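Annotated features in TrEMBL:
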| type | residues | note |
| --- | --- | --- |
| DOMAIN | 1-80 | domain 'Core-binding (CB)' |
| DOMAIN | 106-312 | domain 'Tyr recombinase' |
Amino acid sequence: MAHKKRELKDSTYRQTESNVRLHIRPDFENKLIMKTKRIDIKKWIQGYVDKLDKKGKPEYSYGSCLKYLSIMKSIFHFAVYELEVLEKSPADRLKVPVKDKTEKKEDVKFFSLGELNQLLSYMKGYKHQRFEGYQIYYMLMYFMSQTGLRISETLALRWSDINGNQLNVERQTSRDNNNKLILTTLKNTSSYRTIGMNEDLLRELKRFKVKQNELILGSVSFQQNTDHIIFQNYLGNYLTPSTVRESINDYCINAGVEYKGTHGFRHTHAVLLLESGASLVFVSKRLGHKTIKTTADTYLSITEKIEEDELKKFASYTQTQF
């Protein structure tokens, strides 16, 4: 793995190292690379494809299996072309077996407009914060539903990233090898973006900032974050994605709304944009997707439903004209 550290960004290297440690070493650490056969690799990856969770669903997604096999191919490529201990790779041209292509991609989970309003209404009236009026989770959920940012991008935002009605997205939170929260570069070059914010969101952010400043100046128990981040806790620390997920899950239960994950707010924003008539190009750029194909593939079922509804409207309109 040492040779990969020079080629990969820190977060990608840590993820790759983790995948090797958890999913490759347990099966292959006691096996000489020269003795590893193609059938060994096929059986190994098939084991991940076949493994089911307690609900009888695949425990590992197609994408995860693809990632594990890709790392394995990279290891053997290094053995062939750099170490020169093998003449050819036993992993060449191997593919992740797919029993049912529908397993490749799960349905996008998003909040309907009714569910979102129900959840936000509950959060806006929530009165059990440690500091009265500091509605950080209401602001967080509302913000993500209005911007479509990833949770890691959202938690790294600073007040200085806001310029008028524009928001600059240029960093994210991650974890280092010691599980310490750190700031890192974004997922890809397209993730670096500037997006617009509507007046309602700006008004809520301003109100939230006023309350945050009141607490920083007026309470010895409320510390200011040294990076002046937007979503800080009362100790002046960054929120962690795991803490946010657990908290939002609890809030959803209390609000009577199905939990869709923190990514559900990002999907909700995209779906509402598409339903309002926004183009795929606009949505893709706003979400920071690498290509428009990513957006089209992710929200295929949504765009198909929109097209179907539009055709029905067209049919209804033409019937009244003739």
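Even glycines carry a Cβ here, placed using N, Cα and C.
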Could you tell me the mean pLDDT the prediction assigns to the domain 'Tyr recombinase' (106-312)? 94
Number of helical, extended and coil residues in the domain 'Core-binding (CB)' (1-80), per DSSP: 58 helix, 2 strand, 20 coil
